[in-house]
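Q: Right, I'll just put the structure down here and ask away after.
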Amino acid sequence: MTLLWCVVSLYFYGILQSDASERCDDWGLDTMRQIQVFEDEPARIKCPLFEHFLKFNYSTAHSAGLTLIWYWTRQDRDLEEPINFRLPENRISKEKDVLWFRPTLLNDTGNYTCMLRNTTYCSKVAFPLEVVQKDSCFNSPMKLPVHKLYIEYGIQRITCPNVDGYFPSSVKPTITWYMGCYKIQNFNNVIPEGMNLSFLIAFISNNGNYTCVVTYPENGRTFHLTRTLTVKVVGSPKNAVPPVIHSPNDHVVYEKEPGEELLIPCTVYFSFLMDSRNEVWWTIDGKKPDDIPIDVTINESISHSRTEDETRTQILSIKKVTSEDLKRSYVCHARSAKGEVAKAATVKQKVPAPRYTVELACGFGATVLLVVILIVVYHVYWLEMVLFYRAHFGTDETILDGKEYDIYVSYARNAEEEEFVLLTLRGVLENEFGYKLCIFDRDSLPGGIVTDETLSFIQKSRRLLVVLSPNYVLQGTQALLELKAGLENMASQGNINVILVQYKAVKETKVKELKRAKTVLTVIKWKGEKSKYPQGRFWKQLQVAMPVKKSPRRSSSDEQGLSYSSLKNV
């Protein structure tokens, strides 16, 4: 029986096709009306002819003797075939201009055609139907409708979409709402109210996909309708302002020379306004850029904030600007539902600055050369410069300081060190430079207590000059007593300075006072024959460490011992 019905249907369908093939108004495939439905859910689809293409409705067409015929083309096939309305439980049926699926299956995907005709008139249109699967989180490739809520605007609602006509008003369905995968219950500001979902106050955190699942009975069966929509929280109209032009502005001047590229950005902020048309455009001398005989390019970019506030940037570009172009008026305009604003860019020709390239180069080179010379001179002659300053501008340290000696000399008591101290150091410091030295073995009185006299001499001296040698660091010597006393005096009272002169190299020592002194004090090294000349570096370093004295130096070569002329034989 079923086979016979198919054969008869195909026969009559072929006749209809052949009769109407030449005179049927075919509106083609309406891709703008792509219908997507979930598998195993009901679907009702109205013939698009009465919604978009014809000026009369189904009742008028039926009264005029027109018949509505349905057929379809399976997915990935070209052959059109009639729809089987004799499936078990009337899974596919037609009611007036509506095609019903109770429920849909995956293999229902295809292009469906509704044709309205009689013996003299024919009109048809096709539309695609896609049956898709859904997962546990209601994810699918469906294109979701977007519902916009105003941020912090008060109570707002969304309604479960596309459920009208599936069940009579006498049926009370069960509606469950989800946000993503989570059932909405006990949310702080979102309350399900049947077909509606109320937002007491909308925040950015409410952005997301919301799904309503409508469950209703029909003829002893239970059907489910799943509808998902995207909620986007946008700026409130209470906070909307007219367009704001950030650039051009009064703080930026576009200075160019003829032949350079001129780039002027027009950046405009638009508050979100529902259904507002935001526009940005340039005028040059009050005209559109297309009406000006210059090569102008305008590029636009658009960005949005989280609340759909919009920033538009139009960059006006002239590749090679002329002097005439730099005299023109460039004005950026912006318009929205809140109003219209305009701002002119400040454009002018750059005045070339005077070029003093050679003069600047010579001046800079001379300055650098002078600095280098001064650095070299200071590095080489810094001792002489310090001594010159001390001699002419230094303050005499010996006035009213209560000291008797300039220098107390501490050294190891053996023949070599004694010869160095008594002949070399004393000869130059006293005879050439005029300093008064205290040498214990020379200036102490017989019969005194060594410790007391040593401390007394150190107290009366302005400097403690320590002659370092391997013999100096031997434990229990008078030299170490002098070193300790001088360092303690320098640390506690600060009225004596310690000078370290290395007569001979000293290996690693266990004397902690000497270790500490060598860490914090500069060591002046005696280099034998190289250091004997009184105007040499050794004696200049020593002079810098000595106290400043204004008294004239002794020039007599035979006063109190040997002069420098006798040092050559030492």
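Using N, Cα and C of the backbone, Cβ positions are placed for all residues, glycine too.
Sharing the record's features from Swiss-Prot:
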ACT_SITE  E482  active site
COMPBIAS  558-570  compositional bias 'Polar residues'
DOMAIN    21-128  domain 'Ig-like C2-type 1'
DOMAIN    136-226  domain 'Ig-like C2-type 2'
DOMAIN    242-350  domain 'Ig-like C2-type 3'
DOMAIN    403-546  domain 'TIR'
CARBOHYD  N57  N-linked glycosylation site
CARBOHYD  N107  N-linked glycosylation site
CARBOHYD  N111  N-linked glycosylation site
CARBOHYD  N118  N-linked glycosylation site
CARBOHYD  N196  N-linked glycosylation site
CARBOHYD  N209  N-linked glycosylation site
CARBOHYD  N299  N-linked glycosylation site
MOD_RES   S557  phosphoserine
REGION    69-85  region 'Essential for interaction with PTPRD'
REGION    549-570  region 'Disordered'
SIGNAL    1-20  signal peptide
TRANSMEM  368-388  transmembrane segment
Q: Cα-Cα separation of N57 (N-linked glycosylation site) and N118 (N-linked glycosylation site), in Å?
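A: Rounded to the nearest whole number, the Cα-Cα distance is 16 Å.
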Q: Measure from the CA atom of E482 (active site) to the CA atom of N118 (N-linked glycosylation site) and give the result in Å, rounded to a whole number.
A: 134
Q: If you run through the domain 'Ig-like C2-type 2' (136-226) with DSSP, how many residues end up as helix, strand and coil?
A: 3 helix, 42 strand, 46 coil
Q: What's the number of neighbouring CB atoms sitting within 10 A of the CB on N196 (N-linked glycosylation site)?
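A: So the Cβ neighbour count for N196 (N-linked glycosylation site) comes to 14.
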Q: How would DSSP class N107 (N-linked glycosylation site) in three states?
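A: Going by the DSSP assignment, N107 (N-linked glycosylation site) falls within a helical segment, counted as helix.
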Q: Given the model, what does the mean pLDDT over the domain 'Ig-like C2-type 1' (21-128) come out as?
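A: The predicted confidence over the domain 'Ig-like C2-type 1' (21-128), as a mean pLDDT, is 89.
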Q: Including all protein chains displayed, how many Cβ atoms other than that of E482 (active site) lie within 10 Å of its Cβ?
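A: Its Cβ shell of radius 10 Å holds 22 other Cβ atoms.
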Q: Quick one: pull the CA-CA distance for N196 (N-linked glycosylation site) versus N209 (N-linked glycosylation site), whole Å only.
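A: With the alpha carbons as reference points, the distance is 15 Å.
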Q: Taking only the recorded positions N209, N299, E482, which one has a CA atom nearest to the CA atom of N111 (N-linked glycosylation site)?
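A: Closest recorded candidate to N111 (N-linked glycosylation site) by Cα: N209.
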Q: N299 (N-linked glycosylation site) to N107 (N-linked glycosylation site): how many Å between their Cα atoms?
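A: With distance taken Cα to Cα, N107 (N-linked glycosylation site) is 47 Å from N299 (N-linked glycosylation site).
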